[in-house]
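Asker: Copied straight from TrEMBL:
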- B:H84, B:H86, B:E90, B:H134: Zn(2+) binding site (BINDING)
- B:N123: N-linked glycosylation site (CARBOHYD)
- B:1-24: signal peptide (SIGNAL)
There are 2 protein chains.
Amino acid sequence: MRSRLLVLIFYILSLLLHLPTTTASSCCSIEGLPLVRNISELPQDNYGRGGLSHITLAGSALHVLKEVELWLQTCSPGSRTPIHRHSCEEIFVFLNGSGTLYLASSSHEKYPGKPQEHFVFANSTFHIPVNDVHQAWNTNEHEDLQMLVIISRPPVKVPFGDDFLLQSLCHPFCSLHL
Amino acid sequence: MRSRLLVLIFYILSLLLHLPTTTASSCCSIEGLPLVRNISELPQDNYGRGGLSHITLAGSALHVLKEVELWLQTCSPGSRTPIHRHSCEEIFVFLNGSGTLYLASSSHEKYPGKPQEHFVFANSTFHIPVNDVHQAWNTNEHEDLQMLVIISRPPVKVPFGDDFLLQSLCHPFCSLHL
């Protein structure tokens, strides 16, 4: 009789522990930020770069992520990211528009410092090996180039400048072009 | 005169090194795979799970990434991912449809093992803290739930099962529910 009672109590307790809460709340992860975030309501910045819109969807500063960070970036027609590189992995997903990705790849090419041009388009993806110098350029006169950018090991340290050769010769994390 | 000649040679050499190659080639990174990949042409699998479509856009196995991996997953109406957790960070971006994300968060909730329901929708984003048990469920009867999934530290090891409580009690990487 006593063992049956114990089994019943255990069963009721386990049921209580399993029931999901009925609230459809998305509140609150860290410092009052919602867990599920509407991307169209997130703040954007251009960091002083004309034609650029940058939104951090999930990152190290706001969301205390340590291993990965996600951005939504939009380049208006003719605009481009700086020529840069970083000691982390990066993946692009192009959502809208088209353009050119310049990549001076020490791992893929014979001559580091000499960028290859890659046509990029909506619904395409691309990854950048660690420390390869690169630049995304909206060469489409009529459309914004919109892309999701994923980086490992945030926050990223980006030495950048206007020169593929210097970027290739530059030591990782040097501050020459910061 | 000699110094001017040297400057001229250096200038011509630097110009040659800076000129991008004129081919718009996206070939070839590793084992003949194109660098820029058309997402609609990538292979998909469901890993034996009905209603799931999984495409690896960039990953450890094919693209030799070591720090981050990117998937495109689609759940048909009523289908869901397994209840699972992993010792890495994860970010979701919901592209189409709507559904429910169940999260049994040891860091956010008072009672680990008791999942909270979060409504997710197109153009929303969400991140999963390391080792929090979770499940994405397409509760919309009329639309596919499509999401980009980013994980750190690939390849992911996923102990999963049908029970939030056991997932919470389970030691990281235990094989109880593999």
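Using the three backbone atoms N, Cα and C, a Cβ is placed for every residue, glycine included.
Those TrEMBL annotations? Automatic predictions, nothing curated.
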Asker: In whole Å, how far does the CA atom of B:E90 (Zn(2+) binding site) lie from that of B:N123 (N-linked glycosylation site)?
Answerer: 17
Asker: Reported as an integer number of Å, what is the Cα distance between B:N123 (N-linked glycosylation site) and B:H134 (Zn(2+) binding site)?
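Answerer: That separation, Cα to Cα, works out to 20 Å.
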Asker: CB neighbours of B:H86 (Zn(2+) binding site) within 10 A?
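Answerer: Taking all protein chains shown, B:H86 (Zn(2+) binding site) has 22 Cβ neighbours within 10 Å.
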Asker: Give the sequence-ordered list of residues that share a chain with B:H134 (Zn(2+) binding site), lie 6 or more positions from it, and have CB atoms under 8 Å from its CB.
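Answerer: Same-chain residues close to B:H134 (Zn(2+) binding site) (Cβ under 8 Å, separated by 6 or more) are B:I83, B:H84, B:R85, B:L101, B:Y102, B:L103, B:A104, B:P115, B:I128.
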Asker: Hey, which of our recorded positions B:H84, B:H86, B:N123, B:H134 end up with a Cβ under 8 Å from chain A?
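Answerer: Near chain A, the qualifying recorded positions are B:N123.
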Asker: Provide the number of Cβ atoms within 10 Å of the Cβ of B:N123 (N-linked glycosylation site), excluding the reference atom itself.
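Answerer: That number is 13.
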Asker: Hey, what's the Cβ neighbour count for B:H84 (Zn(2+) binding site) at 10 Å?
Answerer: 15
